[in-house]
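Asker: Can you keep this structure in mind? I'll have questions shortly.
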Amino acid sequence: MSAGGPTSPGGARVEVVGLSAGYGRTPVLDSVRLTVEPGGWLAVIGPNGSGKSTLLRSVLGFHPHEGQVRVDGVPTSGMRRRERARSMAYAPQAPVLPDGVLTRDYVTLGRTPHRALLAAPRAVDREVVADVMDRLELGALAERRLSTLSGGEQQRAVLARALAQQPRVLFLDEPTAALDLGHAQQVLDLVDLLRRQDGLTVVSTLHDLTLAGQYADRLALLSDGRVVAEGTPADVLTAQALSTHYGARAQVVHGPSGPAVLPVRSAVP
Amino acid sequence: MTTTAPGTAGPATAPATRRRSWPALTGAALALVLALLAGVWVGALPLPPGAVVVTLLDRLVAPFGGSVPGGLEGTRAAVLLELRLPRVLLASLVGAGLAVSGAAYQGVFRNPLADPYLLGAAAGAGLGATVVIAWSPVQSVGPIGIVPLAAFVGALVGVGCAIALGTVAGGSHTPTLLLAGVAVAAFLAAGQTLVQQANTDDLRQIYGWLLGQLGNSQWSDVVLVLPYLVVSGTVLLLCGRALDVLAVGDDEASSLGVHPGRLRLVVILAASLATAAAVAVSGLIGFVGLVVPHIVRRLVGGSHARVLPMSLLVGGAFLVLADLVARVVLSPAELPIGVVTAFIGAPFFAGLLWAGARRR
């Protein structure tokens, strides 16, 4: 569990400049500008349909877009796909877990950008995979089929697959969407630990505002495809902002580990 | 099937042996060799096994100036070398090609119901063969029969139309490509029926072709398909690991450095070429491409790096044995091999499903 082990190349600075994207003729994102410092955790929040997932998918280059994404100052548009895959890893909201595949084989897929596509995993690949699986406490599940794991274990396996890429930036699309509160906290604690140990940069979407406020060090509030607020959780999560952009009545409670959002029911008539 | 034991243990007790593919591959290769030998031994004129092996060895060393005495003579040698050997080899090539293509199609479409005929290869080949059976004034172009040629071209045209339509309509979106395949296949099948009904004199020959047959196999057929199958098979086997990456979805495959669209196109083209070549020489033999990959998955798990080579070997053995049954059951008459593949394959597959359900 040492910091700076074989799985930690250190985090990178991510800059997004003037990013616009859409589906067909419908614009979804409008000149989004974001910066994430090395080792930082930016959570993108926003109401349903505000473009959170599209933002993540565009930054990663899966979705056609205008504007520029830079990793440590290098535009990703000029990178080859494998090169990009060595610096940016992605865990989607609803990962496809192929049938009949063993957990270790799945995690080993994370080594794809580091070896020739046709070649078998090498010793160094197996080493990194074993190390990542140890850190995420997946060792005992290595020979199990993915489909037989619990939801929390599957999410850890997806995380392990992403970490086996030895990325410098980890992109997580709603990492807690399928998890109950306890498992959600476990996964986010784990991400936070990895970030602190390895200096990994984390960019995630999170629809749970309290979890976003507690774990991320920066929040970006997306509304109608624009970043309408960016800053520390305490700056961004205000009752006013929640009312304006979510149409929600909520109280923001400030605790020692960050703000928590408490929904408030309107007065019963 | 002696290789069922290691691969079929339940998930919780899945042993480390599952990760080793060599025992399974060796077993499958052995099964293929045995099937090939059985295929040349058994038939209307039984050939003595020992003499068959000696004759084959003799022919193998002949180019190097060697000779092995004690082989078959006269008619028996001719039956072995001119009738049975090309037929058995052709059956193994066709079976291997269809099975590996089926596994590849199931991989790129992430769909267990995909088979090599999905994108219009069968319908296109059927239309091509029917048109020339009905109307062609010539029987062959150079050394190549006109029916195989038309079937080959028809299959490629069918798949080509499906890919073109799917790409125009949906980019690299696989459901769109599947639907394009369905549309193209339906259109070509309708065209085939039209031509067939307008030429009822040729019905028997057309049906014979549609049901699949290996009865007229010649060395020229083997030579015809071999290059295509070697090229396609090599490409597909090399794509095994990439298909494993594609299995996690397009976005994640991209995030792992793979081009999903490009990979899919390469795999579909290679699988279609193999399918077109197989269909050209044997007609439409069903079930092999669909079921063999599923059987193989139950033996070695879901990784394409293992499923593709295993499908190649098991598919070859399966079709050789199916052809053997087709020759023997109604001897001296022959069953269409497509009937046999379904007749053996369906219950066998049902048994596997049942066994799998009981394990869970």
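Placed from the backbone N, Cα and C atoms, the Cβ positions cover glycine too.
Dumping what TrEMBL says about this protein:
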TRANSMEM  B:24-44  transmembrane segment
TRANSMEM  B:88-105  transmembrane segment
TRANSMEM  B:117-135  transmembrane segment
TRANSMEM  B:147-170  transmembrane segment
TRANSMEM  B:176-195  transmembrane segment
TRANSMEM  B:263-296  transmembrane segment
TRANSMEM  B:308-329  transmembrane segment
TRANSMEM  B:335-355  transmembrane segment
Asker: Looking at B:88-105, B:147-170, B:176-195, B:263-296, B:308-329, which one has the highest count of Cβ pairs under 8 angstroms to the transmembrane segment (B:335-355)?
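Answerer: The stretch with the most close Cβ contacts to the transmembrane segment (B:335-355) is B:263-296.
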Asker: Does the transmembrane segment (B:308-329) come close to the transmembrane segment (B:88-105), meaning at least 3 CB pairs under 8 Å for residues 6 or more apart?
Answerer: yes
Asker: Please give the sequence-distant neighbours of the transmembrane segment (B:263-296): residues at least 6 beyond its ends with Cβ less than 8 Å from one of its Cβ atoms.
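Answerer: Same-chain residues near the transmembrane segment (B:263-296) but 6 or more away: 90-91, 93-95, 97-108, 112-113, 115-117, 119, 121-122, 125-126, 129, 148-149, 151-152, 155-156, 159, 163, 172, 174, 208-214, 217, 221, 224-225, 228-229, 231-233, 235-236, 239, 242-243, 246, 253, 307, 310-311, 314-315, 318-319, 322, 337-338, 341-342, 345-346, 348-349, 352.
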Asker: The transmembrane segment (B:308-329): which same-chain residues, six or more beyond its ends, come within Cβ distance under 8 Å?
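Answerer: The answer is 21, 24-25, 28-29, 31-32, 34-36, 38-39, 42-44, 87-88, 91-100, 102-104, 214, 233, 236-237, 239-240, 243, 285, 288-289, 292-293, 295-296, 299-300, 335-337, 339-341, 344-345.
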Asker: Quickly jot the same-chain residues contacting the transmembrane segment (B:176-195) by Cβ under 8 Å, restricted to those at least six beyond its ends, or write none.
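Answerer: The answer is 109, 111, 114, 117-120, 122-124, 126-127, 130-131, 134-135, 154, 158-159, 161-163, 165-167, 169-170.
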